[in-house]
């Protein structure tokens, strides 16, 4: 259609130009005197007009000018002049045979010239419609193709082929989809056995965990066409477009079968039906209905598999998740420590790492990081190294990148008064000291009073191992840890500030969850309160259901207050009994501004004493010596662990070798026994003959 418009516009423009040339330049040019009527009238009366050609009220012909030269003329008879008088004069001149008069009918415009305005208006309308459709469809589709699918087809020859070897840290998830790949490679094996491969696989997990990447690996491993489309690409401004695009998508997929259709962010089109306050028809629901029909309508041997990804499975329509549609769900969560190490190895490729960079240590220090976070971490480390004009990425640079990813950009240039520095130091020291004194909190990784992001300072605690459950004691101690900053301000400065606002929000949230979600209240018992389900298009608070009475609501508030008050009292007790530790850490923060895990541990235990007159250049060498000793000890411990792992691996290899030899021996024995049996059978046959 676009080529047609280009060709048609060229020919139309050429036709108009040629017509203009013919109309204006096709006739020979001749000099004509333009006479007003009074001059023409005098010339007519004085016998100076020899020819007159009448066309309605205009007169053309030949006259004799003042130089006695015959020239062409043109004049116009005004309506106010009497035609009868002009007629009498002309008749008189004709009778005298001094004037030749001719007349012509009114000029008529050729039919094709009369059609030009209409044709021009039609062309303008077509061009306007074409531009309108281009804009409404994002400029990438053709006219009248708004009902076509926007899915992009990826084939083997397009770019780099991704396989399971390129996916790190998702061993269980890869195992879950291996049979899917086998079905795409060998579908007859399943069809002959009457087996049905899952028609739809739903990838569920937080953002950045690798759902899309894993799906690309499935397509690359199977070597089949891969259609990708976003859930928001179905519904647009025209009614019926969504359902039409779903039909077109499946028609394209059937032509390319076996293939994979990947719908990213399917919650955009697969939300629960009937949600919202309006009672009118929803275009999104029509699209969802068509998707449901298409998914449950194709045959078992067509080789079309739907893979979708979402981080909101709770809002998907139940009909979408039933067997026969998305009947298998693959949970793609954050990787564990082993998976993080594998992902770090992948993203460390092509980056020059210094010898002190230990990926195992980095994997332990990045709990909860998704693959996207780890990729961003290594990229930030490379950027920081380039900013420092260094050739290799050092361990301290990667640790700085970890802090930047978690807490934000460091703002050393911000001017802070001494009063606020002291307030921040005691606030963060309160968090750190309480975390150190408690037994079920994560170890302190870093404490700083340098502003980062929106925080004036922060205390970072990191777990030593991956956790999947949280106990009641851990939640209570976490509340105590969060209250450490507020309590330290009150005990030392005898005042409180707004710096604890975020801490208090988290305290209230944890305490409420303990009572209403996890049944950790002794008074209310093992019950949950409130309905977690709510309408997907409306506010949670607007549609949340209170399945309890007002009396129970008051008891819930009392239990929440009880948890918080008990934690506050414990925090006051801990800091009061360890006030000397609080002052030591706060003074160290005022001098050093940032304490890492080693420095905090050494100062807290008194291994390094910081005097009032000590300067940064006096303290830093002491810290460096102790840190070097600890790193050497960690390296020796890791070497010992690696040695033990190597021994275990050797044992496994020897066992496998022994099993293989035994299998070979058993197989040879069976073959020998079979040969003996064959010899006996042959001997018996000869005897019978």
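Each residue, glycine too, has its Cβ placed from N, Cα and C.
In the record from Swiss-Prot, residues 427, 431 bind Zn(2+); the candidate from 354, 356, 503 listed for the same site is 503. Taking a C-beta cut-off of under 8 angstroms and a sequence separation of 6 or more, residue 428 (active site) has the following same-chain neighbours: 447, 448, 449, 457, 458, 459, 485, 589.
In the three-state DSSP classification, residue 209 (ATP binding site) falls within coil. Each residue contributes its Cα atom, and for residue 205 (ATP binding site) and residue 427 (Zn(2+) binding site) these two points are 36 Å apart. Sequence-distant contacts of residue 207 (ATP binding site), defined as residues of its own chain at least six apart whose C-beta falls under 8 angstroms from its C-beta, comprise 311, 370, 372.
Annotated pair residue 210 (ATP binding site) and residue 503 (Zn(2+) binding site), C-alpha to C-alpha distance, rounded: 32 Å. Closest in space to residue 431 (Zn(2+) binding site), of the binding-site residues given as 206, 211, 212, is 206, taking the CA atom of each residue. Taking the binding-site residues 206, 208, 210 in turn, the residue surrounded by the fewest other Cβ atoms inside 10 Å of its Cβ turns out to be 206. The record gives 427, 431, 503 for Zn(2+). Within 8 Å of the mean position of their Cβ atoms, the other Cβ atoms in that chain belong to 428, 430, 459, 482, 483, 484, 485, 486, 488, 499, 500.
When the alpha carbons of residue 427 (Zn(2+) binding site) and residue 209 (ATP binding site) are compared, the span between them is 35 angstrom.
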